[in-house]
């Protein structure tokens, strides 16, 4: 089971006041998470632990991230963590912060970084895998900075699924999954948010040489053939 070298609590204590001052509109979410019983964390890495291999998967709604993530999991043995799915799971629990997350998503806004990172971190700590495919996060530079500060690591690989807006809108409307954010008005809001906030993240990792840009139009297998080179030479094949 993967564990960070340092625990999360020092981060909370040292930066809590500055974070809370920035998150006044979402105070109830943050308070709900910070008062939650902490997950035990080992202060150090045992001989059975491995340094996490982290892949970010970026792209607009309907760009095909989820479909390709399933193929990556089957082929390379990653643990798939969808930021959107983790947030929707909290909504399904009908908690107080789940209701606020729901309102935030309906409005096409981004849930506070600390909330999403804490959910991701919890899943990473509970997993026996050390290879993580983080889908749909970070969605902004603030997300990125929070992740790297809290988790204490940068991604090894960043996949960006580049897809025309018209194609993404068509796909989201056709998938009919019954999600609260699968309607034309919310889709358009999400695309505007993505363009304004996510592209700086894409550019950041492009400058660092970690970005693999995938043209996300065509058959699923054809798109996956573009994904394969990103993992060439990496020890990411599933154990038998």
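Each Cβ is built from the backbone N, Cα and C atoms, and glycine gets one as well.
Note that this is a predicted model, so its numbers are computed, not measured.
What TrEMBL records for this protein:
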type    : residues                                        : note
BINDING : 62, 63, 64, 65, 66, 67, 175, 218                : ATP binding site
BINDING : 88, 109, 110, 111, 136, 137, 138, 139, 179, 190 : ribonucleoside 5'-phosphate binding site
BINDING : 143                                             : CMP binding site
For ATP: widest Cα to Cα gap among 62, 63, 64, 65, 66, 67, 175, 218 in Å: 17
Candidates 63, 65, 143 (binding-site residues) - the one closest to residue 136 (ribonucleoside 5'-phosphate binding site) by CA: 65
Sparsest Cβ surroundings (other CB atoms within 10 Å) among the binding-site residues 65, 88, 175: 175
Sparsest Cβ surroundings (other CB atoms within 10 Å) among the binding-site residues 64, 136, 138, 218: 218
Local Cβ density at residue 110 (ribonucleoside 5'-phosphate binding site) - other Cβ atoms counted within 10 Å: 20
Other CB atoms, at most 10 A from the CB of the residue listed as 'CMP binding site': 22
Site of maximum Cβ density within 10 Å, from binding-site residues 63, 67: 63
C-beta crowding around residue 62 (ATP binding site), within 10 angstroms: 24
Residue from 88, 110, 175 whose C-alpha is spatially nearest that of the residue listed as 'CMP binding site', among the binding-site residues: 110
Candidates 88, 110, 138 (binding-site residues) - the one closest to residue 63 (ATP binding site) by CA: 138
